[in-house]
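Have a look at the structure below, then the notes.
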Amino acid sequence: MDPAFLAVQALSGLSSASSLFITACGLTIVFGVTRIVNFAHGSLYMIGAYTAATLVPRLLELSFGPATFWAGILASALIVGLIGVLIEVLLLRRIYGAPELFQLLATFGVVLVVQDLVVQVFGPQDILGPRAPGLRAPVEILGRRFPSYELVLIAAGPVVLGLVWLLLRKTRFGVLVRAATQDRDMVASLGVNQAMLFTGTLFLGAFLAGLGGALQIPRVSANTGMDLSIIAEAFVVTVVGGMGSVPGAFLAALIIGQLQAFGILIFPKSTLVVVFLLMAVVLAVRPYGFFGRAEVIGGTHAVGIASHKRMPRGTLAAWIAIAALACLPLVGDAYLLKVATEILIFALFAFSLQLLIGVGGLVSFGHAAFFGLGAYGAALAVKWYGASMEAALPLGLCLAALGAALIGAFVVRLSGIYLAMMTLAAAQILYAVAFQWVEVTGGDNGIVGVWPSGWASGPVPYYLLTLAVTVVAVFLLRRIIDAPFGYALRAARDSEARAEAIGLKVRQHRWLAFVISGAAAGLAGGIYAFSRGSVDPSLLGISTSVDALTMLLLGGIQTVTGPLVGAGVLHFLRDLIMPLTPFWRLLLGLSIIAMVLIFPRGLVGTIRYWREERA
Amino acid sequence: MAKTSTIRWLALGAALALGAPLGAPAAQAQQPPIKLGELNSYAQWAAFTVPYRNGWQLAVEEINAKGGVLGRKLEIVSRDDGATTGSATRVADELVTREGVSLLFGSFLSNVGVAMADYANQKKIVYIAAEPLTDAVTMAQGNRYTYRIRPNNFMQVGMLVDQAKASGAKRWAIVAPNYEYGQSAAAVFKRLIQERVPGAQIVAEQYPALGKIEAGATASAIEQAKPDGIFNVLFGPDLTQFVREGNTRGLFEDATVLSLLTGEPEWLLPLKDEVPEGWTVTGYPWDEITEPKHKAFVDAYRAKYNDTPRLGSLLGYMVVTMIRDTIERAGSVESEALIKALEDAKFDTVAGPVTMRGLDNQSTMGAWVGKLVLKGASGGMTDWTYKDGASFMPTEAEVKAVRKD
């Protein structure tokens, strides 16, 4: 291949890398200090782009020359920074005491709210921003034309890196940020005003997200899909670089930029999978990314099911609930039964996640992988082997368990946020396979015609089947949680070192937990496939994983019944709100935020807490 | 128990918050309204779907002002389809089983359209695909319950390839979003260009994921193959990014470019003054169409919304007026009666006369084909003609070879 082409391709990669770095850098700083996995970072990026695309043309009309363009970009970034402060003061500050995953859930609520607000504020049409004055014309590089603005972007990355480095090394604020990144509790003990520090950090992070978005306007039109398209990549960059490490993020962005630029030459359909493959490979070799440090001993996610007295008359209540559910077909119409079937499926799905998170302390961001494997396993068995439902469901379960065994083998070597991100990578790789391997999986059309056997078809029989399967599976999982195996997992969650010291094989136990949890999720996925009659890649997508997490967290990770209640409430809410208004994202987001604020331990957890307080 | 009381509490709160502003029901009409189910990607693809919603709302208002259909008012129950196949069929099921709608229409993405076609077949309810363009909806995945108004990929690509013959371009590059619509359009193009332009070959193909194009790298990868013709299927944010990069790098200067849908205002307006002049496109030159019926539609639309119509607006308006005609002729809203009324039915629409071909349930609506040109601060079409769809449809043999019914 001729060198000019390679040079231009490399430069394209560099400019993408620069944009990605500026955004991801904010995410990594925020995580380093606050330990919040900020899903709303992509939304801030999107707001930055929309603000700049609207603001900069107005400023240019004042004709003060090219400087106004850059002033407009900075002003937009500042505005986004202030929005970040707003989010911190109004929302995040109130839940620092809650389990960390809860903060993630709150930021996810913000994502939903912003999606609707952006359309309301800026209108439905994509907004193409102006080009930078003086940088419209291309430059010649080895006889090929290359956009001059991209050269500016290439320079912007290192400039931001330098400025952030100066800020972190040479200012008091920077010293505090670095100190907090290393040991938050110690910083607090030394009398540092944490509220100010966190607000400042959120401002900086949001400012960088806004800057990243605003700098995009000469290349990309501001559009409503920007938030989700950047957030996954920004996560990858921060994780590969090492959470909290700014230079690591820079290096990771560089590598990803080049991989994408050259990846599309070798395998044009690789754009989806290449970043997550990189993350999986890097984490397999270096468990803390390039420059990340092992997390402080004592674990940051050590919240979950504790040993407690059994509820008086708990068994009786369970039997009454099951009996009531079994009687539902007597009163409910077909649609209600369908909703109830879905709630049961999601309850099982969320409950399987409980075994990992609540019991094992293993936060999985990619639990959709197993749900999707179960669904695809069943659907593929029907499509390619003409299997009946009775044969397809166990096949789906086996495929999910196998996938969990394989993924688990890589994942259990990691811990904390890296573990979570490895599961996300696994799910995304599977998503890409389902999406791109059109011949087998049908691509994004999915597989249709996955209907249950005659005896189970129709809303009532299928509902009863789902109820039976869910009850049995939940009962078995419950037994596992209360068995010595469950106690061993809890011990490893609370203190890995002590668990090992008394002879527990921590990794082996965790791996087994993955297999069991994956199998249960796969069973849920299989039933789901037959209830809908089709599967598609979104079952493996991030939103499905987030759904499971949301249900679990809403219900409460410290309780056994939490995920079951959470699944019911979330699905019920969504079903109630969606038909009522076109602004269902806004309302659902606000409901999630409200529930996070009112029930910081989850619904069941908080209610139990209140009861214990009263007692 | 905590569980039920919490749910009930939430339900009550939500009902109060959301239900109250809707107000008390107005005085009941003598007859219940005819309920139609509509679903589309209002959040994800607002640029197309919001004008489309304006279009069908305008039509419903006009129809109801004239007394409705069969003496009953039309009521459209509209939902967001979530832009994924699973979510769309789920929403459709809600519309059918809970709302009890008589037929379904809508959806934007082609993969969603294919899933909806399967759903319609399963539940034996009429589904009118508004926007999904993949051939599959009326060909391989077609069924007697699924209809489509817009010209499909085969027809639109056919119109463009006819224009390409004169250019003499032989080395073609394809850039298309990697999902059902893009894959289908690319496959049709490969077939037609080789059939109709002797000696034509495909020298480069790029399939970026929808909404995730790396525009700079894609543009230079195409440039590297030195094509003299480019076939573009990108739309939305991918398109604007690709056009900017291509313009800057001079990718389009010596090449004939054929582009699906780029002349439609929803995708053209965001390009502002960077319209790639000279592209041969299918589109919608709404301001230059002089037929009185169309002019009346444009005037009514502008008066109501204080905005110019997009192709989505026209489509939304057309779909609902065609549904009205169908229900009137059927005399009922039963699926079988509707299917009978739709077979080879002729409609006098704002876009001209249209026939719903009984063979594959594909309408003969055409498309406006022309070249892009800069008009003042934004783009428009020039040298355009309206190509009636009838002469570009797949032949009976082709249809029968792939359709399963």
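Cβ atoms here come from the backbone N, Cα and C positions, even for glycine.
Of all ranges given (A:367-389, A:551-573), TrEMBL attaches the label transmembrane segment to A:551-573. TrEMBL assigns the feature transmembrane segment to residues A:42-60, out of the candidate ranges A:23-41, A:42-60. For the transmembrane segment (A:67-92), the residues of the chain that approach it from at least six positions outside its boundaries are 34, 36, 40, 44, 47-48, 51-52, 55-56, 59-60, 103, 106-107, 110, 130, 132-133, 198-199, 202-211, 213-215, 217, 593, 597, judged by C-beta separation under 8 angstroms. With pairs at least 6 apart in sequence, the transmembrane segment (A:392-412) and the transmembrane segment (A:230-256) have fewer than 3 Cβ pairs within the 8 Å limit; the two do not touch. Non-local neighbours of the transmembrane segment (A:392-412) in the same chain are 280, 283-284, 362, 366, 369-371, 373-379, 381-382, 419, 422-423, 426, 430, 450, 507, 510-511, 513-515, 517-519, 521-523, 525-527, 529-530; each lies 6+ residues outside the stretch with a CB under 8 Å from one of its CB atoms. Ranked by the number of CB pairs under 8 Å to the transmembrane segment (A:42-60), the listed stretches A:104-123, A:151-168, A:460-477 are led by A:104-123.
Between the transmembrane segment (A:585-610) and the stretches A:104-123, A:151-168, A:316-337, A:460-477, the greatest number of Cβ pairs separated by less than 8 Å involves A:104-123.
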